Every structure is written in C-alpha cells, then in structure tokens.
Amino acid sequence: MAAKSDGAAVSVEDDNTPRSLSEPGIPAARPRCSALGGKPYTVLDCCWVLCALLVFFSDGATDLWLAADYYLRGDYWWFGLTLVFVVVPSAVVQILSFRWFMYDYSDLSCGDGAASGNGSGAVAAGGAATASDTLSTKDSDQRGGSAAAGNAANATPVYTASAPPATAGRVGGPRRCCIVCMWVFQAVLHVLQLGQVWRYIHALYLGAQSRWHRSGPLHHFHWRLMFESADITMLRLLEAFLKSAPQLVLQLSIMIHGNIVHPLQGLSASASLVSLAWMIASYQKVLRDSRDDKLSMSYKAVITQMLWHFFTIGARTVAFALFASVFQLYFGIFIVSHWCVMTFWIIQGETDFCMSKWEEIIYNMVVGIIYIFCWFNVKEGQSRFRMTVYYSVTLAENVALTAAWYTYRGQQTSDSSALVVVCLVACSFALGTFFMLVYYCWLHPDGPVLGSQWGGCVDEGVVGAGSVVGVIDSCITPSQGSQTDMVITSPPRTLPRTKDTGEPVPGERDKDRDRDSCLPVFQVRPSPSSSPALLHRTSSSSRAQEGPVIRIDLPRKRYPAWDAHFIDRRLRKTILILETTSAVSPRIQYRCSMMGSKEVLEYETTV
C-alpha cells in the first residue's frame, strides 16, 4: 500500500514472503525487543492498571465527599470552589475523550469486520494490503508539499490478491443495531464522567486477551493495547494538572487559613497529591513502552519516580498554600508570571509533539501549567542542565514563598508551629531530590548517569548472507537510542599497541577490561562481499517472518515526543486494520529507521 499526501507517504509492505526455514544463508532470527512483539502482558501490568483505577476513584470520591461536607457545614464559598475544580476539568477531559472515540469509530463502524469501506486503509483477507490515504503533518507542511487531494474518509481502497473487496455497504440490521448501542453506551458513559473508567477496563480486557491468545491466529492486541494505554495516560495527565493540582493547593490553603485540619481535607489533599505523582510516573512508563528505540522502565523505577514527584510536588504545593493564605492577590500574579516564563522557555526550545503548529502551541501552554508544579521533560538531549536550572528556580521560589509567609503570618500561628511547617517543606523537597538521584543513578532505563558511556547492550538479532553469519549487538546511549532503529557500533580498527616484548602498553589492560565488561558489543565474521546494501538486505531477510511493515515517509519524532502513529489517528486506523487482518502484527518504520548516517557502513574485526 502506498499512501501519498502533501509531501509524506505511507507504504505497507508484507514481509511474510514464502521462504524455507532451511534455506542456506538465512538462519532463524532471534527475538527482537521491538514494537512488533512488545513486552508480554504480565500480572504486574494488570495490578498497575487496577491500582490506577483505585487512585482515580479515590481522588474523585474524596473531592466530592469534601464538597458535600462543605455544603452541609454552610461553607458555600469553599463548596463552590471545590466543586468547580472537580466538574470543569472532568467535563473537559470527557469531551476530549468522546471526541477521540468519535474519530476512531466514525469510519470503522461503517465497515464489516476486517475492512473499512471509507477508512484510512483496507486490507484483503489473505493477501497484501493496498489502499490510499492522505496525511497532513507539520513536517510535510514545512517541506512545502502540495495540498492534500482529500482526507482519510475519501480514500479509495485498492484490493489485491485473490480475496474480494470487503463489502462495506452490506451492513446488516443486527450489526447496525450493535453500532447504535455502542454509540449510546459511550455517550452515557461520558455524560456520567466515566469515560476513563471504560478505557481502563478496555485496557485490562485487551491485556488479558493478548496474554490468553498469544499464539492464536488473527488474535493480535498489541497495537490496540498500546493506543488505549497512551490515550488513558494523556487524558489522566491532563485531568491531574487541571483538577488534582489546583484542588491540592486550594485545600491546603483552606487548612492553613483556618488553622485547623479536618480529616476529609487531609484525605482529599493526600489523594490529589498521589494522583499527580502517579500520573507523571505512569505517563513516562507508557511513553517509553510505546517507543521501540527506548528501553522500558521497570516498576522499581516507576515507583521511585513516583516518590520523587510526590515529595517535590508536596513541598511545592505547601509553599504555594502558605503564601496564598496570606497574599491571595500576589499569589495569583506569581502563578501567572511563572506560567508565562515557563511557557516561553518551552516554546523557544522548539518542541515537536503535535502534528500542527497551533496544536504545538496549545500543548506548550498546557506543559507550562505542569511546570508550575514539577519538572516535565519535553526535549531530547542533555536534560540535566535544564533540570538543574528548573529545580534551582523552584528551590529559590519555595524559599521565598515560605519566608514571606513566615514573616507575615497571622498571630494565631505560633513560632514552633511555623518552624515545623518550614522544616516540612525543606525535608519534603530534600526527599524528592534524593529519590530523583536514586532514579538517575541506579534505576534509569538507559543506565546510570554516572556510569560508563554505554547505556546498555541491546541485541539486534542475527544477520546472515550466504557464508556470512554474524551477531550484531549494539550498545545504545540515551542520545543515540532515539536517532535510529539500529545503531551498529564497530570496534577499533587496529589491535592495541604493544611493546617489542609483547607486553601490552600500560593502561591498555584496563581499557580492555572495561570494554569486555559489556561484551559482546559487536561480533561479525567479515566477508569480501560485505556491503551496506547487502547488510541492509540481509537484515531485512532476517525479519521475513515478522509480518507487514508500515513505512512512513516522515522523520521520526525525537524522544520524549510520541511517535506520529500515536498522535495522528488516521495512521492508527491503518495500523489497527492491518493488525486485524494480518497473521502477524505490523511493524512501524520511519524514514530515519532505515539505513542512515548513524549506522556504520564498514564492518571489520579486531582479532
């Protein structure tokens, strides 16, 4: 399938060519950790989703319970503010969630099972997939491509192989009734503010199905599970900073202003803080899981990152609440000023998350809200400097806000109580910094920051061509991992220099020991016929059993941005249709994933 658009092209190639496993020169490929197979769904994944549901319900239930308590006690002003910070953000997220649902199922609901009559692509039941589609992306607009000839809904399917076209128009009465029921069910769920609950339950179902039908034909749930998980984390992260963060500051301000803490207030504030820390860590985990050029986060790393954000956000919000309890007007001015500065800082960094310019600006404004409370990496590269600058500014602001409250606090707060609160802010920030260092020094997926230059050895599979058989193991650093799908690191071209006596030069033995600690880095048996084209062709042949490949003629977005097929929902439709009709889940390959400048084109050995 070749889908042309305004400068960007998407093609689908079926790698399932008939090939004998005993064919000489083509050994069986070893498993690769890529988006094709993905990490198998485990019991820990299921427990994580169940805990996320518990956090979601506890956050919303405690806020509503507290609002009802304010109403019964006659505190109508606090009741109104608490209820507004619950209803308005939830309504915004539900509207966005239902809009995504409408776009995902508006075309697919008109098709019949395996194919869609007017979707972004269609696939014959047993052969290669061919269709046309149009894509409009920010990258293609910058290249000056021509305007799109149509949209995804007007694409014309072209069917190949012997299977007949899918009869999109023959939608029977029972199926139409099921479609109507599904739409009504989703509408009712979103009106009741339960859209995210349904997405969580659906993710649990897809995970269970992927585990139970791991080897069954035409039962692939990898991409559906990944897309659903991505949607949940995006929606919950947005809701956390629109609802939980303001709610946390509000309740802390009420407690400090009234100089009394009711149990429901403490419960609501604690649930909001846990929700914030949970969603930031969960977002980072799902984002890494979605990228086949990044190593996944372990649950130890996720919990450590959650503790890091729990304590830093806790110190930040307590400082906000202390200052707001005395200087309400100046607190509003401070928040707006901080948001403007952070948004400008993010915009000048030229992020690349969204598919259009205006969506990128809106995204940067939302990230500016996140930067009011915590650090959120939005750009690839050396983030340590940017993180140091951010936390230095945050520490200075926390000290200034807490000092201003301590100086101008009311008479009802004693000096001993004030000192306890100040120590609480300082210790919370120190604990958050400690867990941040633990994460980066011992638990980061790319390896410890203070370790060696190699982030980790990633097995890239077996390469075979005629008499040439070798194993390529690439050590990927954090900066290299996002550039190419396969980064091949060649060894030194000469043997270590030796003295005339045959003894190694001093220092070479230590270098060899360090180099051997990550073995095997690279092992290839050379051949005179080795060439870049041959190696690329043999690498492709080793993946012959991996199903269709969707090639996207766009540069891949750099981490920590989501890939285009997670943001552009038309690409999602194509991928899901291919996953439904193919014997193997399709793989995604961007332009930079093919033979690029980062790949070494000459292979030599040292021994």
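Note: Cβ is positioned from N, Cα and C throughout, glycine not excepted.
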194-215, 238-259, 260-281 - the one TrEMBL records as transmembrane segment
260-281
To which of the residue ranges 35-55, 329-349 does TrEMBL assign the term transmembrane segment?
329-349
When each of 329-349, 361-378, 420-440 is checked against the transmembrane segment (302-323) for Cβ pairs under 8 Å, which one has the most?
420-440
Contact set, same chain, for the transmembrane segment (361-378): CB under 8 Å, 6 or more residues outside the stretch:
238, 241-242, 245, 276, 280, 309, 312-313, 316-317, 335, 338-340, 342-343, 345-347, 349, 351, 353-354, 386-387, 390-391, 560-561
